[in-house]
Amino acid sequence: MNIHEYQAKELLKSYGVAVLDGHVAWTGEEAAEAARKLPGPVYVVKSQIHAGGRGAGHFKDDPEGKGGVRLAKSPEEVAAAAEAMLGNTLVTKQTGPAGRVVRRVYVEAGCDIKRELYLSLLVDRAKSEIVIMASTEGGMEIEEVAEKHPEKILRVAVDPASGISGFHARRLGFGLGLDATQMKAFAKFVNAMYKAFVALDCAIVEINPLVVTGAGEVVALDAKVSFDDNALYRHPDLEKLRDEAEEDPKELEAAKHSLNYVALDGSIGCMVNGAGLAMATMDIIKLYGAEPANFLDVGGGATKERVTAAFKIILSDPNVEGILVNIFGGIMRCDVIAEGVVAAAREVSLSVPLVVRLEGTNVQLGKDILSKSGLPIIAADNLADAAQKIVAAVKEAA
């Protein structure tokens with residue numbers, strides 16, 4: 001689960017992470033009032049969407065204009081900047097061409113920036129460690145730094161069993177070229193950030209940029225926090241921070257039915273049981289010249305109702321031109337899948353090609369249900385056959 005910058009900063013501040021003063025606003029008038037509460041004379045107005053690259057982005061109705069992060073020198077300028085953003089669609093590298101509608105802005109005090117750095121914490125699942133990453137290339141996308149200047153990314157690993165120690169921050173600080181005063185502030189910042197990361201069950205905490213001020217202070221100029229969805233049951237208070245308007249409606253609907261769904265950019269909808277088989281299915285679709293429209297794992301204990309819901313979610317994507325159902329029935333019974341597919345196809349008046357490959361428990365019963373349904377369902381014998389048939393059917397229907 002992702003949250004907005006202002007929410008992330010409020011949480012991190014409660015654990016001792018240094019952030020600038022700021023207030024959220026939903027209107028231009030509220031933004032001006034927020035500015036009056038700050039020291040000035042410089043203010044920063046930031047669009048609040050679940051995506052990075054806001055400053056370098058552009059608004060759909062003004063592609064040549066200013067981005068989603070703007071400087072202002074008076075409450076009146078703050079109000080004008082906020083009104084120019086609110087209700088408009090901001091397009092960044094991370095939003096894709098569709099962009100995101102700005103529904104709130106964050107008004108923050110200006111800052112005397114001497115240096116811009118990068119700092120993040122994430123989980124290394126392969127090694128069961130928490131990795132702290134830092135770089136002198138603050139303000140840039142870390143993926144771009146990793147590609148062009150991998151030597152500029154510093155890493156230290158922390159064993160969760162023993163926790164963070166002073167040498168972790170010192171090693172990074174020396175690598176970043178911090179002086180003694182800055183090192184002390186940096187160590188305090190890293191320790192507070194680690195404490196928040198562990199206590200809140202985060203998947204990632206990213207500060208980009210982390211700035212060193214003229215006075216030697218270390219402050220989070222931006223903040224991104226993402227939580228481990230599997231741990232949210234331990235944090236009911238964090239659920240209140242969810243902004244469903246920033247999430248894919250299809251993914252929200254899938255979550256209600258305990259389905260693992262991720263929207264992609266292709267045209268072939270996929271419904272599979274098991275994450276590994278789902279990824280293999282997406283790979284073979286690409287092998288035969290098409291692109292998957294989604295990742296969808298119905299799980300091992302799916303019911304007819306869940307399968308029907310999964311089918312509807314796939315078809316709610318206007319980019320879907322065909323559907324491939326690939327089921328290996330171990331715990332999952334093929335007849336249950338078949339009943340769900342038939343029920344959903346009838347309910348939504350299926351208008352795109354559908355290929356179904358079934359194997360495993362009750363496979364013959366499942367095939368009988370499909371063949372007797374009277375629906376134009378294309379049967380496949382194996383994964384390669386299924387991928388070839390759905391790609392061919394989509395091309396023929398085009």
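Yeah, the Cβs are placed from backbone N, Cα and C, and that goes for glycine too.
Per Swiss-Prot, domain 'ATP-grasp' is recorded for 9-253.
With a cut-off of 8 Å between CB atoms and residues at least 6 apart in sequence, the same chain places Lys46, Ser47, Gly67, Gly68, Val69, Leu90, Thr92 near Arg54 (ATP binding site), listed in sequence order. Arg54 (ATP binding site) carries neither a helix nor a strand DSSP state and counts as coil. Sequence annotations record features per position, and here Swiss-Prot assigns ATP binding site to Lys46, Gly53, Arg54, Gly55, Glu108, Cys111, Glu116 based on sequence analysis.
Long-range neighbours of Asp222 (Mg(2+) binding site) (same chain, six or more residues apart, CB within less than 8 Å of its CB): Glu5, Ile207, Asn208, Pro209. Annotated Mg(2+) binding site per Swiss-Prot: Asn208, Asp222, in sequence order.
When secondary structure is read from DSSP and collapsed to three states, Ile331 (substrate binding site) falls in the coil class. The substrate binding site annotation in Swiss-Prot covers Asn273, Gly330, Ile331, Met332 and is backed by sequence analysis.
Its Cβ taken as reference, Gly330 (substrate binding site) is surrounded by 12 other Cβ atoms within 10 Å in the chains shown.
A coil conformation is recorded for Asp222 (Mg(2+) binding site) in the three-state DSSP classification, outside any helix or strand. Between the two most distant C-alpha atoms of the annotated ATP binders (Lys46, Gly53, Arg54, Gly55, Glu108, Cys111, Glu116) there are 19 Å. Listed binding-site residues: Cys111, Ile331, Met332. The one with the lowest count of other Cβ atoms within 10 Å of its Cβ is Ile331. Straight-line distance linking the Cα atoms of Gly55 (ATP binding site) and Ile331 (substrate binding site), rounded to a whole number, equals 49 Å.
Neighbour counts of Cβ atoms within 10 Å were taken for the binding-site residues Glu108, Glu116; the minimum is at Glu116.
With respect to Ile331 (substrate binding site), the closest of these binding-site residues in Cα terms is Gly53, chosen from Gly53, Glu108, Cys111, Glu116.
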